[in-house]
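K.L.:
Under the heading region 'Disordered', TrEMBL lists 167-189. Residues or ranges marked as transmembrane segment in TrEMBL: 17-36, 115-134, 140-161, 224-246, 258-280, 292-312, 318-339, 351-370, 382-404.
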Amino acid sequence: MPPAAGTKLGYTPPDGGWGWAVVFGAFISIGFSYAFPKSLTIYFKEIQEYFSVSYSEIAWLSSVMLASMTCEQHTGEPLWQQTCGHGFGLALNLQPALTIIGTYFQVKRPMANGLAMAGSPVILFTLAPLNQFLFDSFGWRGSFLILGSIVLNCCVAGALMRPVNRNTKPKSGAAPERDRPSAEEAASPDAREQLADLLTGKHQSSRGCLSKFIDVSLFKHRGFLIYLIGNVVMFFGFFAPVVFMAPYAKHQGIDEYSAAFLLSIFALVDMFTRPATGFIGNSKWIRPRIQYFFSFAVSFNGVCHLLCPLLPGYAGLVVYAVIFGLAFGMVCALLFEVLMDLVGAHRFSSAVGLVTIIECAPVLLGPPISGALVDIYGEYKSMYYACGVFMLVPGMFFFVMHYFNYKRLDKEKKQSVAVHMRTCEEALKPKMNRDGTRAHEADR
């Protein structure tokens, strides 16, 4: 088992036990949070005709819901209010589920995150054909009432997320390998400042009110800034291909059930990809440089979207759904794990809060911008090309920046070890001098 990134939680995470029940609860919560906005694309064509709106306007439904998870005057206004309210409710599902896994797992954290994130494709795989059946039987209004009652199962999932037992403390003596700090923590400016405080005896007496709730020092964290800049660009093209997959198929003359089945194929591949990615990411070959794995996954998504318009007919869309499900699942399984790897579990809650607040802008604007491209050009090729560029550019950015970041971390880690050794030697010198003096006096 590869060494895990260190934590400053003050206890040793159990890496199992009730944690697996927590993973199951997160599986349900994360599943509904991400799958529900995607599955509503089945109703887009009918809602679009009912309210007589354009592609860019109908895309606001999913984008507002996804953005609300993170923060026109026409007769559809109550629908937008319902969308914002539902997105806010899903946010209350998503954030605790993401955070609590880091309190229960350390060594097996990539595996646990991968299993929890698999909830989205599993539920989407079920909801895609179910939504089409509900629409045919009850219409889109009746379907929304039934779906709302189904989402209430998240209350049961929340009941499983009890706080971790923090009475467990690390064993005295040499710390086990899994509790040793990672290169990021050992060489980060924050770690060096704490070392200096311990040596000089200087401690901060108070902090600002803002710092009690938001760790603004993260904006000075090199790895966090790389993650944030790349993700802001990436999310402009992340959700739009999923939102427009079924409408794209219907635009090509494919029947409604076959179009909905594309989402099921996508979700089925995504379902198995996420836990598999978690297992691969937890291996001793990938874990030490997991940021490169994430960079590859993001770039793979971009290439996938650029190739989509070149695949003809329904068979081509099936191939695209399979490849896209593989690429999308890899990114989703690693999305929050790589953030936790960069900042550590003790700062993850603040980091994920800051990231989702800032990312809500591209998540909100991405699908409507893509819909506007469809309105302007009258076809979907330009939309998929744009999404491909929005994914490929940050993927290459991650590769380059993390290459230099890892080099800096290795250099800073060596410097930190040298400082520590020098400090230990200086601390031992007085003791050795005293022992030498006593031995000399004894010889007399």
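Glycine too: its Cβ is placed from the backbone N, Cα and C atoms.
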K.L.:
Hey, does the transmembrane segment (17-36) touch the transmembrane segment (224-246), meaning at least 3 C-beta pairs closer than 8 angstroms, sequence gap 6 or more?
P.N.:
no
K.L.:
Using a Cβ cut-off of under 8 Å, list the residues of the same chain at least 6 residues beyond the transmembrane segment (292-312) that approach it.
P.N.:
230, 234, 237-238, 241, 277, 280-281, 286, 319-320, 323-324, 326-328, 330-331, 334-335, 338, 380-381, 384-385, 387-396, 398-399, 402
K.L.:
Tally Cβ pairs under 8 Å between the transmembrane segment (258-280) and each listed stretch (17-36, 115-134, 140-161, 318-339), then give the stretch with the top tally.
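P.N.:
Per the Cβ count, the answer is 318-339.
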K.L.:
Using Cβ atoms and a strict cutoff of less than 8 Å, what residues sit near the transmembrane segment (140-161) while being 6 or more residues removed from its termini?
P.N.:
21-22, 24-29, 32, 36, 43, 46-47, 50, 82, 89, 93, 96-97, 100, 127, 131, 134
